[in-house]
Amino acid sequence: MACLNIDKMCHKPENQKDEYTFDGSVDKHGQPAVRARTGRWFAGVLLLVNQGLATLAFFGVGVNLVLFLTRVMGQDNAEAANNVSKWTGTVYIFSLLGAFLSDSYWGRYKTCAIFQAIFVAGVVSLSLTSYIFLVKPKGCGDESNPCGSHSTISVALFYVSIYLIALGNGGYQPTIATFGADQFDEDHPQESHSKVAFFSYFYLALNLGSLFSNTILGYFEDKGMWTLGFWASAGSAILALVLFLIGTPRYRHFKPTGNPLSRFCQVVVAATRKWKVEQPRRGDELYEGEGQEPAENGNRRILHTDGFKFLDKAAIITSKDGENNPWRLCAVSQIEEVKCILRLLPIWLCTILYSVVFTQMASLFVEQGAAMKTTVSGFHIPPASMSSFDILSVAAFIFIYRRVLDPLVARLKKSAPKGLTELQRMGVGLIIAIMAMVAAGIVEHFRLKSADKDCSSCTNSSSLSIFWQVPQYVLIGASEVFMYVGQLEFFNGQAPDGLKSFGSALCMTSISLGNYVSSLLVSIVMKISTTDKMPGWIPGNLNKGHLDRFYFLLAALTAADFLVYLICAKWYKYIKFEERSIEKLNGNKQGDFKV
């Protein structure tokens with residue numbers, strides 16, 4: 001059907017070929033998007049630069065937050081690591097709020113703009129709070145000169161500021177990823193290829209943005225110049241917002257589809273009401289809802305699939321069904337939306353433990369590095385700057401995967417047009433994460449052998465060079481390319497058209513829960529390992545603990561998670577869309593949706 005419609009398009013005059021997009025996108029006025037004047041890489045590059053600058057600002061705060069909490073706020077290692085995990089987790093919890101508002105009411109553009117403004121307010125507030133209240137006396141906050149105590153008001157202002165940052169960045173992140181993908185028409189051969197590439201470049205922009213934070217800003221903050229680092233982050237956040245607004249005339253948009261929670265509940269209620277109704281033998285006997293949503297929004301209709309047959313009862317037509325009563329009768333496509341979410345959940349749950357591994361890079365890796373030899377030829381290496389090896393690893397492995405590995409696997413498979421599937425890539429990411437934890441545990445084992453256990457200030461207390469951490473950072477970076485880029489593509493591609501931001505938010509929420517699980521795991525390990533007056537695995541003085549055992553524990557847990565993931569991936573059924581009718585799209589795209 002789609003091919004016939006494309007043939008009709010081809011009979012247009014030469015200057016009208018491909019004038020409008022095929023995917024139902026509209027411009028800022030709510031009119032059909034003209035391909036040559038909207039979206040594509042002009043808008044895509046603007047959003048990639050925006051992402052890089054916003055990430056620079058975010059990690060300018062986050063990358064050394066654990067050191068800020070210990071040196072400026074006076075917290076011990078375990079408390080600081082837990083607070084960073086909770087804060088990072090909250091960042092990604094807010095991604096669900098951003099995704100909900102984006103898909104349901106505001107649309108992706110408005111959601112991005114509002115949450116970026118909140119993010120800017122948070123970073124500016126943190127800069128002012130640090131300058132006026134926290135970094136006192138002046139010059140404090142480095143490794144040898146911690147700051148004094150703070151008033152309740154200044155501490156409260158600090159937490160309000162960082163949680164404003166969490167709200168702004170969390171609500172913006174999943175929406176900007178989906179909004180960037182919206183700039184490419186997946187029903188157009190060339191643009192569909194660009195859309196797949198966009199997710200890799202998006203994650204690359206995220207990592208390149210954090211490179212400056214992890215090196216230059218990380219160095220200044222490690223030297224106690226916290227206010228300078230925070231103001232640089234504020235400037236970057238403001239510039240990111242300005243660039244985003246500059247691209248307004250060129251963006252493509254999709255109309256929000258209404259509250260997905262109500263659609264979900266309608267299916268469950270309608271199916272429950274008909275739990276005694278006999279199941280039809282064939283799927284084509286179910287109510288299709290012709291002429292109703294999602295077709296009117298230009299969204300693709302989801303085809304019927306087996307599984308979760310109880311939910312199919314919501315589409316059985318009975319004499320008790322009132323006319324247009326969505327709480328008694330639901331279309332197959334609406335039911336399949338619910339099935340899609342239910343099928344995604346087991347995969348999503350298996351990614352949470354990977355995020356536990358990933359979050360160690362911002363907390364325990366930094367504390368481990370601070371207890372190693374951090375000077376090379378008289379030059380001090382800030383422990384947080386070691387994550388630049390993670391960023392370089394991400395950049396290298398994105399290139400290796402897209403240019404070498406993916407084409408090679410595609411040629412070997414022969415039966416498939418591309419290399420590893422998203423599910424296969426996520427599995428590879430879990431395997432590499434196991435290797436990263438084993439490497440970190442081995443490094444910590446040898447660090448303890450050369451450490452001074454009776455040190456008072458245990459910075460630089462081991463003769464083992466901090467560069468022995470490079471393998472664990474590189475392996476984490478390699479795992480991210482397979483796991484997080486794979487997640488972005490998988491959850492975005494497997495989510496219904498009206499829930500694309502929610503699909504991206506699943507990836508972010510996985511990171512969120514990973515941080516909370518990490519915090520819980522650290523607390524449990526410390527409680528168990530501190531019995532009989534033992535210092536525990538992660539004490540304030542790492543030289544008296546056994547951080548290596550904690551890393552090996554994470555490796556074992558991730559290995560068990562990988563086995564469960566294999567079962568879930570084998571069980572998963574991919575979403576099936578009805579082919580778009582371009583003729584129908586051209587008739588339905590105009591509407592009252594405006595930016």
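Please read every residue number as a count from 1 along the shown chain.
Heads up, the Cβ atoms here are built off N, Cα and C, so glycines get one too.
TrEMBL does not curate its annotations; it predicts them automatically.
As recorded in TrEMBL:
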- 41-69: transmembrane segment (TRANSMEM)
- 89-106: transmembrane segment (TRANSMEM)
- 113-133: transmembrane segment (TRANSMEM)
- 153-172: transmembrane segment (TRANSMEM)
- 198-220: transmembrane segment (TRANSMEM)
- 226-246: transmembrane segment (TRANSMEM)
- 344-366: transmembrane segment (TRANSMEM)
- 386-405: transmembrane segment (TRANSMEM)
- 426-446: transmembrane segment (TRANSMEM)
- 466-485: transmembrane segment (TRANSMEM)
- 506-530: transmembrane segment (TRANSMEM)
- 550-572: transmembrane segment (TRANSMEM)
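A contact links the transmembrane segment (198-220) to the transmembrane segment (466-485), because at least 3 Cβ pairs that are 6 or more residues apart lie under 8 A. Looking at which of 153-172, 226-246, 466-485, 550-572 has the most CB pairs under 8 Å to the transmembrane segment (426-446), the answer is the stretch 466-485. Looking at 89-106, 113-133, 344-366, 466-485, 550-572, the range that has the most CB pairs within less than 8 A of the transmembrane segment (226-246) turns out to be 113-133. Scored by C-beta pairs under 8 angstroms, the transmembrane segment (466-485) has its highest count with 344-366, from the stretches 113-133, 344-366, 506-530. Touching of the transmembrane segment (550-572) and the transmembrane segment (344-366) is concluded from the presence of at least three CB pairs under 8 A, sequence neighbours closer than 6 excluded. Through the fold, the transmembrane segment (344-366) approaches residues 62-67, 80-81, 84-85, 88, 383-384, 386-387, 390, 423, 426, 429-430, 433, 436-437, 440, 469, 472-473, 476, 479-480, 483, 487, 490-491, 494-495, 503, 506-507, 509-515, 517-518, 521, 538, 547, 550-551, 554, 557-558, 561, 564-565, 568-569, 571-572 of its own chain, all at least 6 residues removed from its boundaries and within a Cβ separation under 8 Å.
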